[in-house]
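Take a look at the structure below.
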């Protein structure tokens with residue numbers, strides 16, 4: 001079973017959660033560009049990592065060519081030979097074109113770009129309820145994944161905090177930016193005939209079932 005997937009959707013759509021669950025079921029690796037960047041900037045003798053760290057520390061956006069290089073390097077690893085689930089990339093049409101070109105050199109092509117559709121109000125409700133333990137980093141959701149004790153981490157018994165990113169005004173702004181920035185990428189995959197839309201409000205098990213149907217997965 002081979003599947004090369006791109007996951008698209010607003011912040012709070014659950015892309016990372018779905019990708020992790022699908023990795024458990026199918027063995028297809030979940031490639032989160034956020035995780036790759038966090039890892040690469042920690043490596044002291046990685047020249048590419050050093051460049052990216054300097055740019056991020058200046059508060060600037062990492063240019064496409066560096067992002068592309070990082071993704072290409074990760075997708076060239078052995079575990080991606082039979083598939084991947086890309087989460088957080090591509091964010092621009094230029095990145096989408098680069099990905100297509102790279103896959104072509106490997107005699108591969110994307111199976112599908114899966115768009116998880118979640119209305120703004122649902123995103124706001126999900127993200128503003130998110131809390132994090134400042135000590136261990138464990139993530140909770142006051143609605144869907146609450147701690148056992150009121151606003152205290154189950155493990156550390158430390159009071160949970162809300163990230164600035166998860167405050168309502170910021171969430172609404174992030175949703176607006178997502179719509180503006182991602183629409184061209186959605187249109188790009190739609191024109192190619194590989195865009196698959198999934199209702200991101202139907203619950204995790206139903207969402208997973210939809211994606212498995214898209215890739216023709218059978219565990220028989």
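Cβ from N, Cα, C; glycine included.
Looking at 129-166, 167-204, the stretch flagged in Swiss-Prot as region 'LID' turns out to be 129-166. Your range for region 'NMP', going by Swiss-Prot and the list 32-62, 63-93, is 32-62. Each of the binding-site residues 91, 163 was scored by the other Cβ atoms within 10 Å of its Cβ; the lowest score goes to 163. For the binding site of AMP, formed by 33, 38, 60, 61, 62, 88, 89, 90, 91, 95, 163, 174 according to the record, the largest Cα to Cα distance is 29 Å, rounded to a whole number. Annotation note: residue 14 (ATP binding site) sits in a coil segment as assigned by DSSP. The helix, strand and coil residue counts that DSSP assigns across the region 'LID' (129-166) are 3 helix, 11 strand, 24 coil. Each of the binding-site residues 89, 140 was scored by the number of other CB atoms within 10 A of its CB, and the lowest score belongs to 140.
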